[in-house]
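Below is one structure, written out as structure tokens; comments come after it.
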Amino acid sequence: MPSAFQFQCHFVLIFLAASKGETRYLEVRDAGEDEPFLLLSEDLKRELSAGQIYRRSLRCIDMLSIEGQFTFTAEHPQLHCATFFIGEPEELITIDYDFVNIDCQRGDFLKVFDGWILKGEKFPSSLDHPLPTSQRYVDFCESGNIQRSTRSSQNVAMIFFRIHQPGNGFTVTVKKNTNLFPCNVISQTPSGRFTMVIPHQNRNCSFSIIYPVVIKISDLILGHLNGLFLKKPSAGCAGVGDFVELLGGTGLDPSKMFPLADLCHSFHGSAQMKIGCDNTVLRMVSSGKHINRVTFEYHQLDLQETENKKENSIEEFCFPSI
């Protein structure tokens, strides 16, 4: 049976069908909502010329993967609403307030969060984000006209809002910007290939895949400096400033996941692992002293693959949840 976390992230789990253009509109029902999500396919994106702006109304619970102008107008008191934004791995998201008509004195709010929050769990985690949690929120009722534009630090962001008075609401414009060195990423699809590079930066980067997956690491460079590799540690990754770890769990926050494997030796070749968790994260820890790089590909794990647990795979952890 699918977990509650998988239901909460269902709009991400089925994004593959929409992104392949198999259907223009894809309706998905969340476990706690009767209102379907509307996801836009690549076909519709291609129909929008460079000069056009896509516009539509927002639902109380919604998800957006396309640029445009979006308006929410309350038909009745809406007390628990959120819109999730997601881009490609190499994109940042900018949210501009075009018009806001809410009653802050009555308890309305409109907040932007730099990342995603589900059931109190954050992505990126507090350990991986460049800002403290308190600075990841931008509250319109506190900033007003001072800060009417917010840019995310990764390919996901969200707004959450409460509006008591019918007829009140807001309009936002969403834009995408190029990120030359993507760090924290939530994958839109159940399969793909990605290269993560951390160039002389003391930071941690997580790539989150909200699926049980087979993940194959084909290239890993750690401690690379002036064309030379540092001496390999004698055992394990303890005390090593640069390494990659694989994490698995049932929530969104990488810092709360179970560590499955550590990789602290540079190699060229193939290391494949099968991970049957609701969420799989590849996380790179970098000391900032070197240029670190990892290339990997992944695809959704099916039942037949779970029955044939061979090669160098994580064979037991999480598989009962599939």
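Glycine is no exception: its Cβ is also placed from the backbone N, Cα and C atoms.
Predicted automatically and left uncurated, TrEMBL annotations should be read as such.
Feature annotation from TrEMBL assigns disulfide bond to CYS60-CYS81, CYS104-CYS141, CYS183-CYS205, CYS237-CYS264, CYS277-CYS318. For 52-177, the entry in TrEMBL reads domain 'Corticotropin-releasing factor binding protein N-terminal'. Taken from TrEMBL, the feature domain 'Corticotropin-releasing factor binding protein C-terminal' applies to 185-306. What TrEMBL records for 1-21 is signal peptide.
Looking at CYS205 (disulfide bond) and CYS264 (disulfide bond), their Cα atoms lie 15 Å from each other. The Cβ neighbour count for CYS141 (disulfide bond), using a 10 Å radius and every protein chain shown, is 15. Each of the disulfide-bonded residues CYS60, CYS104, CYS237, CYS264 was scored by other CB atoms within 10 A of its CB, and the lowest score goes to CYS104. Highest Cβ count within 10 Å among the disulfide-bonded residues CYS205, CYS277: CYS277. Annotation for CYS81 (disulfide bond): same-chain Cβ neighbours under 8 Å, separated by at least 6 residues, are CYS60, ILE61, PHE72, PHE160, PHE161, ARG162, ILE163. Of the recorded residues, CYS141 (disulfide bond) and CYS183 (disulfide bond) place their C-alpha atoms 30 Å from one another. CYS183 (disulfide bond) has a Cβ environment of 24 other Cβ atoms inside 10 Å.
Close to CYS318 (disulfide bond) in the fold, though at least 6 residues off in sequence, lie PRO212, GLY248, GLY249, ILE275, GLY276, CYS277, ASP278, each with a CB less than 8 Å from its CB. In this structure the C-alpha atoms belonging to CYS264 (disulfide bond) and CYS183 (disulfide bond) are separated by 19 Å. Calculated from their C-alpha atoms, the gap between CYS237 (disulfide bond) and CYS104 (disulfide bond) amounts to 50 Å. On the 0 to 100 pLDDT scale, the model's mean across the domain 'Corticotropin-releasing factor binding protein N-terminal' (52-177) is 93.
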